[in-house]
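As recorded in Swiss-Prot, the features of this protein are as follows:
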COMPBIAS  309-323  compositional bias 'Low complexity'
COMPBIAS  347-357  compositional bias 'Basic and acidic residues'
CARBOHYD  Asn20  N-linked glycosylation site
CARBOHYD  Asn27  N-linked glycosylation site
REGION    309-357  region 'Disordered'
TOPO_DOM  1-38  topological domain 'Extracellular'
TOPO_DOM  84-89  topological domain 'Extracellular'
TOPO_DOM  111-357  topological domain 'Cytoplasmic'
TRANSMEM  39-59  transmembrane segment
TRANSMEM  63-83  transmembrane segment
TRANSMEM  90-110  transmembrane segment
Amino acid sequence: MDTTAISPLTPLGVIPDLKNATSVPFNETACENWKEIHHLVFHVANICFAAGLVIPTTLNLHMIFLRGLLTVGCALFIIWATLYRCALDIMIWNSVFLVVNLLHFIYLVYKRRPIKIEKELSSLYKRMFEPLHVPPELFQRLTGQFCNIQTLKTGQAYAAEDKTSVDDRLSILLKGKMKVSYRGHFLHNIYPCAFIDSPEFRSTQMNRGEKFQVTIIADDNCKFLCWSRERLTYFLETEPFLYEIFKYLIGKDITNKLYSLNDPTLNDKASKKIDRQPSLCSQLSVMQMRNSMASTSDSEDGLQMFLRGTSSSSSLRPGRTSPYLRTSAKMKPIEESVEDDVFEAPSAEKLELQRLP
């Protein structure tokens, strides 16, 4: 009598062969019969994948190379699956990967495209902004939206003392030379790639309605880049990196103007060599010069005193201040409460405490 039990899940009249059922999975798992090696296209595709993954991230264009190699690898896989394997699923999946990597590759190449800077602004970018690692596309945004290039002929005035407002613009000289004077007395020159009105911009950031305390005249046919001050300020608030760049450049420009005041014979080549971090004392000295000339009753004597050099003011005994360094009621000097605390004179109580054992 046959004692083999028929499973309820087994179709009627069909008895499973247990020997064959256990032997087939064993043969497939053991891989006793290896299939032949795939076509060369398959291996080249995998080589592209491997090469893309081992590209070092320190390489400047590593993402472009990675996406490019992945795109080539996916294309080779599609060729292999279509011509040599006839596998529809492999072809579909690699087609999806190909589209994704190709789009990313095009996007990366587009971002790396060379930014065309106007010829008139190329020297400005290379001298002032490129050394500070400002990207060309950011510089293009800075100079392409709310600024324009203006010209002045020889003898024309950029600003007149007590007449021109300082609230309207901020400019950088691109070509030519300008002369800064106070009541007919020459102070210093302004050369290309230098701010024209940086002291006024720095001192009146918190105060509006001020007027220029000096006269700025074109000593040659000049061309300058002019920003709308209000729109520039708003733009810098949205770009913290550029905001810090402008703070540095304006401070450095004020320092260069201070050196020009101390040495009126300083030319453009010598001014290029001045590359120091601007200090508070330097900025205060420039502003005190312009403020004091506008406030002193004997302004002619004060001007001559200042033009002889700032060494006379530094030789004053502690506790005495020069009458020519009084601040103006019109042009308010820079207020830096933190730095002012450093230069406070020690009080008598502090000296007594220091003498105690």
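Cβ coordinates are placed from backbone N, Cα and C, and glycine is handled just like the others.
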Beyond the flanks of the transmembrane segment (39-59) by at least 6 residues, Cβ under 8 Å: 65-70, 72-74, 76-77, 79-80, 83-84
Same-chain residue ranges lying at least 6 outside the topological domain 'Extracellular' (84-89) that approach it to Cβ under 8 Å: 38-39, 41-42
Counts of helix, strand and coil residues, the topological domain 'Extracellular' (84-89), according to DSSP: 4 helix, 0 strand, 2 coil
Overall pLDDT for the topological domain 'Extracellular' (84-89), taken as the rounded mean: 89
